[in-house]
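Asks: Once you've had a glance at the structure underneath, I'll fire off some questions.
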Amino acid sequence: MSPKTETKASVGFKAGVKDYRLTYYTPEYQTKDTDILAAFRVTPQPGVPPEEAGAAVAAESSTGTWTTVWTDGLTSLDRYKGRCYDIEPVPGEENQFIAYVAYPLDLFEEGSVTNMFTSIVGNVFGFKALRALRLEDLRVPPAYSKTFQGPPHGIQVERDKLNKYGRPLLGCTIKPKLGLSAKNYGRAVYECLRGGLDFTKDDENVNSQPFMRWRDRFCFCAEAIYKAQAETGEIKGHYLNATAGTCEEMIKRAVFARELGVPIVMHDYLTGGFTANTSLAHYCRDNGLLLHIHRAMHAVIDRQRNHGMHFRVLAKALRMSGGDHIHAGTVVGKLEGERDVTLGFVDLLRDDFIERDRSRGIYFTQDWVSMPGVLPVASGGIHVWHMPALTEIFGDDSVLQFGGGTLGHPWGNAPGAVANRVALEACVQARNEGRDLAREGNEVIREASKWSPELAAACEVWKEIKFEFEAMDVL
């Protein structure tokens, strides 16, 4: 080729590598109401300036790549690129920053949590220029959230279906989590529901194993539900875990649950995946089933303070993908959950409009418009002595779930359920009378145990049980 010959590459295109901040760090940018906003905790490698690190996150999670490419000229990068528009240091940390990134809405497929996460928490988390990266929060604009169905039914519809108002709902995970036959499993379900619980639950590990195939479990649990309903006059439910190896099998199990006439099914939304979860949520709305969500695997993603994704983001994603309940920690039990942080994402699950509040870890104001809310489920290492704190912390719109705290009662499953129901009713009554559960909770339980031998026995068994470990994820 003659030296004088001009090519496309030599006109308006300069090959090579340039700093991300030249294109993707735009502190002058005014965010739009339609932008998806993200707050990342960024720990750069030594020698990488904060602006370059923040810009790299914006680039690698949107339109950028490691080198300049001539096909940039075939589109409008200004329209589609992510922008790092602000950076602030993390107090008390030497080389850590919060980078705020704005993404134009056109980058994301409507109604797809899967596509949204593929971009925002995709390959950028393995980027070598960063020692660690954590997505702390996400602002989902109404223009995007309205493309999602959200929860199949929501809090008010669930209460109307169950005809239960003015108190938290009570549940129990059947134990041992693995190894029971379907008939013995159904027996435990019946005893707990007859004793006063609203729900019992499949453990997240229970799918369709050799010792208990899913169809047998579904049938025996349905029998237990109907028998308990007939004896108590209350509507009962059992979270039948429909999680399976394929979406087709999952839907088949949900169809069978609907044919049995039970009110609720369950899904492990992180191990099952967002695409499967959204499909199941759509089926549940169309067919009148409530959907309980377990968060198995969440701690792999959210427990480390410097890397991964905070659970408040996973909670928002679940509200969009669809679920009527989700496990949300207990604050007082055996599982991770600091109070202010937990209440922050509990509000993000339940409320329509949540103001920015950094004291609770909420980086952005979130407007869900008319999307139904999700009931937070407190579960894991809780018992009757925790009831006042749980009632005070979570309020009425919650599910309090006692597995070992029901089935571990010295007199059996039904007395364990009675003890929990009595404790809950006593706490709700005391609260409604104006008593301070935070200060008087133990006294409320002691008073109730004087006329409930089941509660008295439970109080004696668990009087010394505490889980006093420092939370890993704090503000």
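The backbone N, Cα and C atoms fix where each Cβ goes, glycine too.
So Swiss-Prot lists these for the protein:
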BINDING   ASN123, THR173, LYS177, ARG295, HIS327, SER379  substrate binding site
BINDING   LYS201, ASP203, GLU204  Mg(2+) binding site
MOD_RES   PRO3  N-acetylproline
MOD_RES   LYS14  N6,N6,N6-trimethyllysine
MOD_RES   LYS201  N6-carboxylysine
SITE      LYS334  site 'Transition state stabilizer'
Asks: Counting distance between Cα atoms, which of the binding-site residues LYS201, ASP203, GLU204 is nearest LYS177 (substrate binding site)?
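Replies: For LYS177 (substrate binding site), the spatially nearest of the binding-site residues is ASP203.
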Asks: Most Cβ neighbours within 10 Å: which of the binding-site residues ASP203, GLU204 is it?
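Replies: Sorting the candidates by Cβ neighbours within 10 Å, the top entry is GLU204.
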Asks: Drop a 10 Å sphere on every Cβ of the binding-site residues ASN123, THR173, SER379 and tell me which sphere holds the fewest other Cβ atoms.
Replies: ASN123
Asks: Would you mind sorting out which of ASN123, THR173, HIS327 (the binding-site residues) have a C-alpha within 10 A of the one on LYS201 (Mg(2+) binding site)?
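Replies: THR173, listed in sequence order.
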Asks: Where's the emptiest Cβ shell within 10 Å among the binding-site residues LYS177, LYS201?
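Replies: Counting other Cβ atoms within 10 Å of each of the binding-site residues LYS177, LYS201 gives the minimum at LYS177.
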Asks: Give me the long-range Cβ neighbours of ARG295 (substrate binding site): same chain, 6+ apart, Cβ under 8 Å, in sequence order.
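Replies: Those within reach of ARG295 (substrate binding site), by Cβ under 8 Å and sequence separation of 6 or more, are ASP268, TYR269, LEU270, PHE311, LEU314, LEU318, ILE326, HIS327.
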Asks: Whole-number Å distance between the CA of ASN123 (substrate binding site) and the CA of GLU204 (Mg(2+) binding site)?
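Replies: Cα of ASN123 (substrate binding site) to Cα of GLU204 (Mg(2+) binding site) measures 29 Å after rounding.
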Asks: Around the Mg(2+) site (LYS201, ASP203, GLU204), what further same-chain residues have their C-beta within 8 angstroms of the site's C-beta centre?
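Replies: For the Mg(2+) site the neighbour list reads THR173, ILE174, LYS177, ASP202, ASN205, VAL206, TYR239, ASN241, MET266, HIS294.
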Asks: Just to verify a number: CA distance, GLU204 (Mg(2+) binding site) to SER379 (substrate binding site), in angstrom, no decimals.
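Replies: So the alpha carbons of GLU204 (Mg(2+) binding site) and SER379 (substrate binding site) sit roughly 12 Å from each other.
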Asks: By a simple count, how many Cβ atoms lie within 10 Å of the Cβ of HIS327 (substrate binding site), its own Cβ left out?
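Replies: Excluding its own Cβ, HIS327 (substrate binding site) sees 22 Cβ atoms within 10 Å.
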